[in-house]
Amino acid sequence: MAVYVEDHPLIKHKLGLMRQKDISTKDFRDLASEVAGLLTYEATQDMETEVATIDGWAGPVQVERIKGKKITIVPILRAGLGMMDGVINLIPSAKVSVVGFYRDEKTLQPVQYYVKTASAMDERIALILDPMLATGGTLLATIELLKASGCTRIKGLFLVAAPEGIEKIQKAHPDVDIYVAAIDERLNEVGYILPGLGDAGDKIFGTK
């Protein structure tokens with residue numbers, strides 16, 4: 001498993017804006033989408049291309065096109081939806097697979113309440129979207145769900161991550177790559193990332 005911390009100046013700047021306590025819903029939502037797009041650019045650099053000949057304005061011309069497995073983006077409800085547009089803007093043909101989990105208050109384990117995956121998952125590369133990789137429990141459940149559906153190439157895109165969550169995924173699924181704008185210091189006693197972004201879902205949907 002590789003962990004890619006994207007240290008591009010634009011990502012650093014935009015993430016810094018997102019950390020502001022009094023940021024508006026619109027600004028947080030827009031920035032989440034923009035950073036997701038930048039992460040997508042990095043996460044797709046290893047995609048293979050093939051040469052094709054097309055009719056150009058001055059006659060036949062050779063161009064390169066992406067080949068191989070098709071992409072499905074997998075936003076984790078609900079906050080992952082806030083990153084979806086940034087990815088679709090770059091990969092408009094991507095199919096969308098959606099998963100939803102809630103946390104059992106007694107066991108603190110993720111419980112699946114919704115799943116709808118694209119067809120032919122064994123032929124796709126999955127890009128999981130979630131603003132926060134905290135304890136890693138929800139991501140772990142999502143990866144296992146995708147693998148059970150036949151998907152073998154999985155990547156995760158996150159705005160911020162905690163070392164604890166990354167370590168959990170590295171141990172359980174070393175074949176899954178992680179792309180993140182920043183790795184923060186730690187989790188607090190209730191599982192929030194510090195310094196983090198706060199509740200990303202509330203900030204994206206304006207329910208804070």
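From the backbone N, Cα and C atoms, a Cβ is placed for every residue, glycine too.
Note that this is a predicted model, so its numbers are computed, not measured.
Per Swiss-Prot, these features apply:
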BINDING   R78, R103, D130, P131, M132, L133, A134, T135, G136, G137, T138, D199  5-phospho-alpha-D-ribose 1-diphosphate binding site
BINDING   I193, G198, D199, A200  uracil binding site
Cα within 10 Å of R78 (5-phospho-alpha-D-ribose 1-diphosphate binding site) - qualifying binding-site residues among I193, G198, D199: none
Listed binding-site residues (A134, I193, A200), ranked by Cβ neighbours within 10 Å, top entry: I193
Candidates A134, G136, T138 (binding-site residues) - the one closest to A200 (uracil binding site) by CA: A134
Cα-to-Cα gap, G198 (uracil binding site) vs M132 (5-phospho-alpha-D-ribose 1-diphosphate binding site), nearest whole Å: 10
Diameter of the 5-phospho-alpha-D-ribose 1-diphosphate binding set by C-alpha atoms, the set being R78, R103, D130, P131, M132, L133, A134, T135, G136, G137, T138, D199, in angstrom: 17
Number of other Cβ atoms within 10 Å of the Cβ of G136 (5-phospho-alpha-D-ribose 1-diphosphate binding site) across all protein chains: 24
Other CB atoms within 10 A, centred on D199 (uracil binding site): 15
Pairwise Cα distance for A134 (5-phospho-alpha-D-ribose 1-diphosphate binding site)/I193 (uracil binding site) [Å, integer]: 6
Beyond the site residues I193, G198, D199, A200: chain residues whose C-beta lies within 8 Å of the centroid, for uracil: P131, M132, Y192, G196, L197, G201, D202, K203
Fewest other Cβ within 10 angstroms of its own Cβ, chosen from the binding-site residues R78, D130, M132, T138, G198: R78
Nearest-integer angstrom distance between the alpha carbons (Cα) of T138 (5-phospho-alpha-D-ribose 1-diphosphate binding site) and I193 (uracil binding site): 15
Between D130 (5-phospho-alpha-D-ribose 1-diphosphate binding site) and D199 (uracil binding site), the C-alpha gap once rounded to whole angstrom: 12
Distance from I193 (uracil binding site) back to M132 (5-phospho-alpha-D-ribose 1-diphosphate binding site), taken between C-alpha atoms, in Å: 8
